[in-house]
Structures are given as C-alpha cells and as structure tokens.
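These notes are about the structure you will find just below.
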C-alpha cells in the first residue's frame, strides 16, 4: 500500500510539474508581459513585466493538478469517500449526541442574558430575533419529525398546519377577542383536527402518492386563505393580532405593564426575551412529549409502521389509527408553532405559508437525520441561522446554501445524527445505537 | 370422524379465491384441530399461501367461510374481519414466507410491538404513559418479562438489544415465531418456518413448535416443504394441488396416498398413455 501511494505521489508530482511547465511557458507571455501605453513617456508603447502574477498562476496550476491527481483522477477511492475521511466520522459524532443535548439546553436558556451582556439591549435584538426564528423552526422540525422521522410518512404539506395554527389564533382573536393563552390550545386542537380530516382519506396512500396529496393539501389551505377574502382578509392578511401577555401583564410602557410591576425600566427587549422563552418552552414541551411517546407503545408502533406496515397489521396494530395519531400530533405541534408565529409577527398573510416553508422544514428533518431530535436542532441552526447569517452575500447565499446541503448529503447521506437509540433495552445503558443502514425510511 | 373434526379451532368451509380468471383456491374445506399441529403442503403454486392470506385477512375470499373457535367459546368469522382485528380479537398470529421483521428495531422492541394492544390499553392510550403512572410501568415490566421468556425459549436472549436485521437467517425465523407468540395467539400460522434452515436448526424448530403446542394452548397451522418437519411433528396433513384439496389425514395416511405421490412425483408413463388414449391423443 505504501509503495503504491509513494508511486502515486511521484507520478502526480511529475504530472503536476509538467502542467506547471506548460503553464509557465504560456503564462509568461500571456500574463507576464503586458503591453501598455505608458503615459509618462509621451504615449510610447512599453512592456510591463508581472512575474509575481505568473508565479501565482503557475502555482495554482501546479497545486490544482497535484490535488486533482492525488484525490480524483488517480485515487483508488471515489472523491466523496476521500472527502468523507476528512470529516468527523459517525463514531466521533456519537458522544456529541450524548453531550450536545444538555449543552444546547444550557446555552439556549442562558442565551438572552449572554446576548444582553455582550451587545446591550439595542444590539442584541437582531440576534434574539434570529434565535426566536431558529427555535420556531426547531419546534416545527420536531413536530414534523413525528410524522416523517418516526412514522415514516412523507408529508410535504406540513406548513398547512402551521398556517391553520396561525390563522386560528388570528381569527379567534379578531372575531372573539380571545387572548393568546386561550387561543394557543385551540389553535393546536384545530390543527390536529385538520390533520385528522386530511389523514382519513389520505393515509391509505403510500410513498410518492402520499407526498403529492399532502403537497396539494398544503397548497389548498394557502389558496383558500388567499381567496376567502370576507373571512381571512385574503392577500391583505390579518394585522393587529394581539401580543401575548405575561400572566396578564402586558409588555407596555407605564402603569400596570410588565416592567412597571417588576420595577424595571421599560424596554422593548423585555417582550422579545419573553417571546424567546415562550417558544423555547413550547419547543421543549414538543421534544419532551415526542421523546416520551417514543418509549410508549404508540411510539413503538409508529416506528414499527415505518419498518414494515404489513407486519404491523399481522400483529393486530390498527395502522390507520396509528398513522392518524402521528399525523394529528405532528399537526398539533405545527399549530402551536403557527399561533406563536402569529403573535410574534402581529401580522400574517398567506405569503408566509408557501411550499418553500414545508420544504425548509422537511430539509431540516432530513439533514438532521430522520428521527433524531438533536439532529433537528443542529440542522435548524445551520440552515436557518446560516441562511440569515449569510444575508450579506445576497443572491449568492442560495448558492452557498445549496452547496452546503450537497456537502452534507454527500458526507452523511442519512443526516447528521443518524444512529437510532433503542426505545427499551434489557442491558440498560450499555445498549448500542442502531446504525442507520438497518433502519428503514418508511414507504408512506 | 377424526379428532380434528370433533373439536376444531379453525374451520374452513368452501373457501374459494379467484384473482380475475385465475382460481387460486377452489372450494376448499378442512378443519384445524385444537392443540394439533396441522401441516398444509402441496407443490409450488398450489395455493397454500393464499389460504394463509385468507385466514389472516390479507385477502378477502371470493366465497366461503372461515370460522375461528376460541377456547373461551367465542366464534369469529374471519372472512369478515379487517386483518388487524384477526390478530387482536380472534387471536390468530402469523409469520411470513419472506421474513418481515422490524429490522431497525432491537429484538426486544420487536417483541414489545407484538404486545401493542394490551400495552396500549395499559398506557391509557398514551395518556397514563406520558405521566408514567405505576399501572403502566407494571404492564410494561410484565411485557418485558414475556418478551424475555420468548427470547429465552428461542435462544436469542443474548442478542436482545441488537437490531433484528443483524441476525442470521435462522435466528430471524425464530424471532418471527417469538414475535407472533408474544401477541398471545390461539392459532399460530407459520408460512414455511423451516425454509433455509440447516438440519440442526430444523430439529430445534421442531422442538420449539412442539413446546409451543404443549405448553401454550396454541394450535399450529404450518405451510412447509421440508418433509422432515412435516412428517415428524404434524398430527394432521392437508395436501393442496392447483387450489384443490387432494388429501387430508394423518401424516402416515397422506404419505401413502397415490394422489399425493402423483402430485409431487408425477405419474408412471403407462398411466399417461392410458389417459392420452382415453382423450384421443
């Protein structure tokens, strides 16, 4: 092996040197000498020598050819595999999964205070807004993870439930004057109800057909919201959605407000911090319920359904009901997130609930690793955080974004965290995770 | 009147299954005796798996009646029930010809899924489970004990926390039987349980099946090509050919039945000649 790799290096060096020589011959003329009208010499034609540029060009050719020889053209392994060896392997990521959860949790709880002390009330606002956005997507990702990751039902219209939640809150507040805390559970229930309504006819479909119908459902909801002008306001959206209160205390200036009651100086950042903790708690509840359900019979039935539906039926599991619970539960958490979205924005319109939202949420779940809770967090931070972070790149950020997704999928085709932990063990904590190669992705 | 006709656990009456123009099963009737091991044999394409699929509800028969007589005196008309209820209420469990395990789940999880219905009840449809009530925790412990028992019986206890897809073929077959048994069946339908097993594993399988029949009040209906299994452990053998029953009796009776020999080995040349003369060829 070592003789072979020595040989490979020698051959590659020789080839690269030859390439470099040709480049030198070409570039010394093409780049090295530049004919110029020298202004100082009365319009005489002169030659400017640029040997540094030639050296750089030759070095690029030499280096590029050497690397391509070593890793692509003459390599034994395909380039993706070689690239993979530079990345941390699954074994190195496994302890990450174990420690990441408490680490992320502590960081998430402390985040507003860290930001406040680092940037002050004014400067930290944009970062807090970003954190709220990321956490919302974490919650949506966790909700969708129940449907796609655990039950293996490909849902391309998840944003419909997000929309149902948002519009439930906005409309209930507008027509009946309900407060956020009454509307939150109602929005979840309504979204779950729509999940069941959609689920009944749809869940007998499998795979691609299910994906298409859920996609259509997502669009139908949006189009209905767009066109039912008298009820939903159509493209004008709904504005003036009431803000949430802190147990009855509103975030307002003066007497009776949150700041006044606690003897603080009024600052608009209080409300932002409150919203951040609100979505954090909602997301954590989603996570807690999901993790809990995974260890219950219903969660195991979801995963069994993903593995083999026919075997499930032969064991007496009512697959329709089991799918419906997954769908309804996922929809419910989507509805909660939706009503949070409405109260945070104060304004919603159908434009916020386009297909691309569903795609982003699904991408978070898939990139994170189907069924992995911590994977969803990492993927949401990378995708949403990265997306906002690279706003400076303007139109190129889509390019960066696409490239990033390709790299992740080449490196880890089953998502960032793809090991499945058994829901119950005989040997206790010693039990190992199950490699993603063995786990099915579900067929619908 | 044979023993299996006096106290049958499963009665199949005039079962017919047509797929378009193809008659897979034609007017088939037989009984599966309580506590018996009944073998359903026949050449390839005889319709054995179709019978299984009708019994376990994966197909709805074109005609006929399938009655499950549970030991508590309840009767179930299987041809009218959805497949999952056949397992849940009529207590008929099955395995598959091409093994269908939950490959990405551990052995223990596979057996826990099989106990879904009682556990679901105990978890108060997940509500009691989410809060971890004591009644659910106890039900779960019992379920794990039951799973442990069957893993022990099938010699798989050492690999309880390994993913099912990692098991060798023979172990997967045994795990599928263990999983079916965890659902507490009164009739266990095994579709070629000995396929792909070596002689030693085959012998172990025989012992396991006899143990199940003896200790667990479970009757067994099995499809099998491996005659060492069929002849050694079956009390009753039903032979199918082209969807029709050609023989029905004890293993010894069936073995000497000329129709069975003809179906499996073909008929002597002279006989073919006589038939050809009769039809004028």
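Every residue gets a Cβ built from N, Cα and C, even glycine.
Annotated transmembrane segment per TrEMBL: A:16-37 (among others), in sequence order.
Residues or ranges marked as transmembrane segment in TrEMBL: A:49-68 (among others).
The transmembrane segment annotation in TrEMBL covers A:99-118 (among others).
Feature annotation from TrEMBL assigns transmembrane segment to A:130-154 (among others). Long-range Cβ contacts of the transmembrane segment (A:130-154) within its own chain (Cβ-Cβ under 8 Å, at least 6 residues beyond either end) map to 108, 111-112, 115, 161-162, 203, 207-208, 210-211, 214, 272, 275-276, 279-280, 282-283, 286-287, 290, 293-294, 299, 302-303, 305-307, 322-323, 326-327, 329-334, 336-337, 340-341, 344, 360-362, 364-366, 368, 370-373, 376-377, 379-381, 383-385, 388, 440-444.
Sequence-distant contacts of the transmembrane segment (A:174-197) (same chain, at least 6 residues past either end, Cβ-Cβ under 8 Å): 160-161, 164-166, 168, 221, 238, 240-245, 324, 327-336, 338-340, 343. Feature annotation from TrEMBL assigns transmembrane segment to A:174-197 (among others).
Taken from TrEMBL, the feature transmembrane segment covers A:209-229 (among others). Within the chain carrying the transmembrane segment (A:209-229), a Cβ under 8 angstroms from the stretch's Cβ atoms is held by residues 153-160, 163-164, 167, 194, 198, 202-203, 235, 350, 353-355, 358, 444, all 6 or more beyond its ends.
If you look up TrEMBL, you'll see A:272-290 (among others) marked as transmembrane segment.
Listed as Cβ neighbours of the transmembrane segment (A:324-343) (distance under 8 Å, sequence separation of 6 or more from its ends, same chain) are residues 136, 139-140, 142-147, 150-151, 153, 155, 158-159, 161-170, 180, 183-184, 187-196, 198-200, 203, 241-244, 275, 278-279, 282, 286, 289, 293, 298, 302, 305, 352. Annotation comment: TrEMBL describes A:324-343 (among others) as transmembrane segment.
Annotation source TrEMBL lists transmembrane segment at A:355-384 (among others).
Feature annotation from TrEMBL assigns transmembrane segment to A:396-413 (among others).
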